[in-house]
Amino acid sequence: MEESSSRNMRREEAKKVRQKTVKKRSTEEEEEEQDEIFNFNKKPAEEEEEEEDEDLSDSEDSVFSGLEDSGSDSEDEEEEGSNDKEDGDDEGLKTGPEESEQIEEEKGGVTHKKQEDEYERDSSDEEDIRNTVGNIPMEWYRDFPHIGYDLDGKKIYKPIRNKDELDEFLDKMENPDYWRTVHDKQTGSDIVLSDEQVELVNRLQRGQFGDVNFNEYQPQVEFFSGDLMVHPVSNRPADKRSFIPSLIEKEKVSKLVHAIKMGWIKPRRQDDDSRGRYYDLWTNEDSSILAKHRMHLPAPKIPLPGHHESYNPPPEYLFTDEERALWEQQDLSDRKFPFVPQRFSSLRQVPAFPRFIHERFERCLDLYLCPRQRKMRVNVNPEDLIPKLPKPKDLQPFPTTQSLVYRGHSGLVRSISVSPSGQWLASGSDDGSVRFWEVRSSRCMKTVQVGGAVRSVAWNPNPSVCLLAVALDSVVLILSPSLADRQVVSSSERLLSGQQEEEPAEGVGPVTWSEGEGEELNQGIRLKIQHPKAVHQVAWHAKGDYLASVMPDHSSHLQVFIHQVSRRRSQNPFRKNKGLVQCVSFHPVRPYFFVATQRSVRIYNLVKQEMTKKLQANSKWISSMAVHPGGDHVVCGSYDCRLSWFDLDLSTKPYKMLRHHKKAVRGVAYHRLYPLFASASDDGSVIVCHGTVYNDLLQNPLIVPVKVLRGHVITHDLGVLDVTFHPTQPWIFSSGSDATIRLFT
């Protein structure tokens, strides 16, 4: 009974399925007429059943349900009723294509399953067969009513989605399969994933294999076994081609032989291992390869051991006590041998050499660290290195011989000066006297006792007056020796007494002017200028009215004073201490003032009252200075035996440094007319140099030493103290520590 009732149920279900398919076909024909076709032929049967069950899903049937809702046909209501009945029945009753086939066969009374078509359930995971647009962004169809094209080239229209956000939310709350529903962009439909598909997704997310049954740790199956087989795998007889030479291979070999003969292919060079893998770096030094390198030098060979290195050296190689003591005192580099030769009775008794590792290490350093380079020897004639200078004979006249000796002083003659006419010579000495000599006869015309060691004397360079400035202690005296005609003497008196009737202008406080009185007037002392400190040097301006005095002192800025004789006033040109002033000089033509400190020479513009240049002497202590009559060159002597020639237009550094003297340079001087300059030194010599200055600025001065003049005797380590040229003749005067003055002509 039960079997017959179940059969009746199945027959009723089969009838319903047939009715549905007939309805669907009629509706499809209507849709095709309206160009609204949807392709359902390839949809799996299970999906169709689910879509019938769920009205809200967006599958193919939901398209029709959406269309039919709007029409609300009676057929659909019947279908819904039948669906509700089916839902109420057993859930397992789902009719697929297999079951319908079984039912059809059961009509005939025979129940056997028809063989399954193997391509029935075949589907492609890569792409949906219904939509043929390919792998393109589906956003391109966003603004179109269709979503692609089917296999026949007809449009696939988008499903009508009438769900709003509220329906979406209700679906999310009520539909238990919402979490596994996926939207397919290519078809525009929602697909509910099965449990197997969800499990596959989870496995892939965890990084596992897609197949559950795949064992990733299964043992590897060896294709070839490691055992040696006794019998062959096949008993097939060998081919005929294995006995006959191949023609193709013969052609290849002939090509290779031809290429080797032509030299296109070079055979590999066989490495000869007979020489050994280790070799001496320095053995093959004289080979042709190293000879190609010009700069290569072989490493120096270690000298072969001699008799002194023997364990039983001959007795003459053994050190005596004196030789051993001398060897120990010597420096390591000065020793003849690096060890003391010793005698042993046998080789067994020789101890280890203590410096063995040290010596080996030094030898290694010599081999790889010492720069060995062959320098090309330049064959230069030594005479070519000497600059081509004119011969001294071509540079005459210059003083060569000692003509006169002026004797009379009993102390050091520190300073001498010649009158502008060249007729008279004044000298100041440590014996406290100033003497006036006639140049041609060496006769002392006048002696003035000033009562102190004279540091400096200077004749007024103006030929229209006859005055002498004398520096001793802290006083500068102005003497009028009256060794000239009446006109010159009267003009000198007028210069000294020009401002006498007026009160002297207010000068600098430390300096006081006073006139000579009594016996001083008889000796010719006309003016006395009192200074705050000891005066070392006096220098006249070329016009003869201004006089500069130097008082070297570190602590004070009162080191230089400039006095105007006609107005009897003095001024200090410097507010600050610029260093220890050694000597000063006026420019012969321009309003410039030269101040020499220990290391440098400063040049000041007296009109603008500013420093214009600073000359770096490159010497430790400047002793003396002279300015060229042209005014563009300066020569400085220093206590470190150097003579510096400066070209003011060229640089602030010396154009030439002369080191002709062995001791300190005490004095330097230029000739007023001839291209000569001279330097006096403590070594007792006066060196006369020819110094031609060209008007062309591009041509450097020509400096040639022409004569060394000797004659002074060195006393108390002092030689020649001062030097000066005759104003008109190529003669030179020198004063020395031997209390004499000598004239070289």
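The backbone N, Cα and C atoms fix where each Cβ goes, glycine too.
In TrEMBL, the region 'Disordered' annotation falls on 494-516 of the listed ranges 264-286, 379-401, 494-516, 563-585.
DSSP assignment over the repeat 'WD' (713-745) gives 0 helix, 18 strand, 15 coil. Below 8 angstroms of C-beta separation, residues 397-407, 409-422, 425, 427, 429, 431, 437, 439, 442, 663, 666-674, 676, 678-686, 688 of the same chain, each at least six residues beyond the ends of the repeat 'WD' (713-745), sit close to that stretch. Averaged across the repeat 'WD' (713-745), the predicted model reaches a pLDDT of 89.
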